[in-house]
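Feature annotations, courtesy of TrEMBL:
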- Cys74: active site, proton donor/acceptor (ACT_SITE)
- Cys185: active site, proton donor/acceptor (ACT_SITE)
- Asp11, Ser12, Tyr43, Gly44, Asn75, Thr76, Thr186, His187: substrate binding site (BINDING)
Amino acid sequence: MSGNTPIGVFDSGVGGLTVAREIMRQMPKEQIIYFGDTARVPYGSKSKETIITFSRQIAKFLLTRNVKAIVVACNTASALALETIKEELTIPVIGVVKPGAITAAKATKSGRIGIIGTESTINSGVYTQYLDKMCPHVQVFAKACPLFVPLVEEGLLYDSVTVEIAERYLNELQGYDVDTLVLGCTHYPLIRHTIQKVVGPDVTLVNPAFETAKTLKRVLREKEIECSEQMPNHKFFVSDGAEKFKSFANTILSCDVEETKDINIEQY
């Protein structure tokens, strides 16, 4: 496998761009093929079987683009479908949950960690399982925040309704006196400012993107498939709403996304 082939990154929508952005920052030579499943977002309320089906379809599509590794930049898919995809593919597949748990374990001083995510991610208990293995002494308090994803997808990043909903969700966690809060959905860093305002400056917010990109970089180095070229040509695909996605991507990535293509993902 050539190191100059691209990395596949996928999410239910725009949230995975926060991971793609960090990959671009840490590995500026690497090309990214990004897929956002905008026609079927949100994933958080769907069954495990459905998430596995969606993830398989996306993985098959990314393989047609000759990717050398896949980053599942979606906490719900990482929680419910990662192991299945890993077993079925011969290329490296990296999720975002374990990197997020590692970062939280390093960050906490009090041992009281909050997790926010979609209903499926929270109900899976996967963050708690990872944290229990790494540091059994910590206490984990989890809260599903299902409305955050649609708010982000609608671009309501600074809207008063987002603040109001954040207060409703997060006031409960404040009562547990957590000192670290994992943003257990890749959409959530896009409303980080609102979340930080609600929980206060003393709570450390954990974005799994940094550790995820770091893990990817290590895996590529170990397998000797790092890219040696310097001018990556990133490509973006969605299952619906290409122009809307392109506008969002330009803002998040702070670059000119030349083209975003709609594809019928269900054919894969």
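Along the chain as shown, the residues are counted starting at 1.
Placed from the backbone N, Cα and C atoms, the Cβ positions cover glycine too.
Recorded features from TrEMBL, shown on the structure.
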residue : record                 : Cβ contacts under 8 Å, 6 or more apart
Asp11   : substrate binding site : Leu17, Val19, Phe35, Gly36, Asp37, Ala73, Cys74, Ala77, Thr186
Ser12   : substrate binding site : Gly36, Asp37, Thr38, Arg40, Val41, Pro42, Tyr43, Cys74, Thr76, Ala77, Val149
Gly44   : substrate binding site : Thr76, Gly117, Thr118, Glu119, Ser120, Thr121, Ala144, Pro146, Val149, Cys185
Asn75   : substrate binding site : Val96, Val97, Gly100, Gly117, Thr118, Thr121, Gly184, Cys185, Thr186, Pro208
His187  : substrate binding site : Gly13, Val14, Gly15, Thr18, Phe148, Val149, Val152, Glu153
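Under the three-state DSSP scheme, Thr186 (substrate binding site) falls in the coil class.
For the recorded site, Ser12 (substrate binding site), the DSSP three-state label reads coil. Counted over every protein chain shown, other Cβ atoms within 10 Å are most numerous around Cys74 among the active-site residues Cys74, Cys185.
When secondary structure is read from DSSP and collapsed to three states, Asn75 (substrate binding site) falls in the helix class. Highlighted in sequence order, Gly13, Gly15, Gly16, Val41, Pro42, Cys74, Ala77, Thr118, Thr121, Val149, Cys185 have their Cβ within 8 Å of the centre of the Cβ atoms of Asp11, Ser12, Tyr43, Gly44, Asn75, Thr76, Thr186, His187, the residues recorded for substrate, and are not part of that set.
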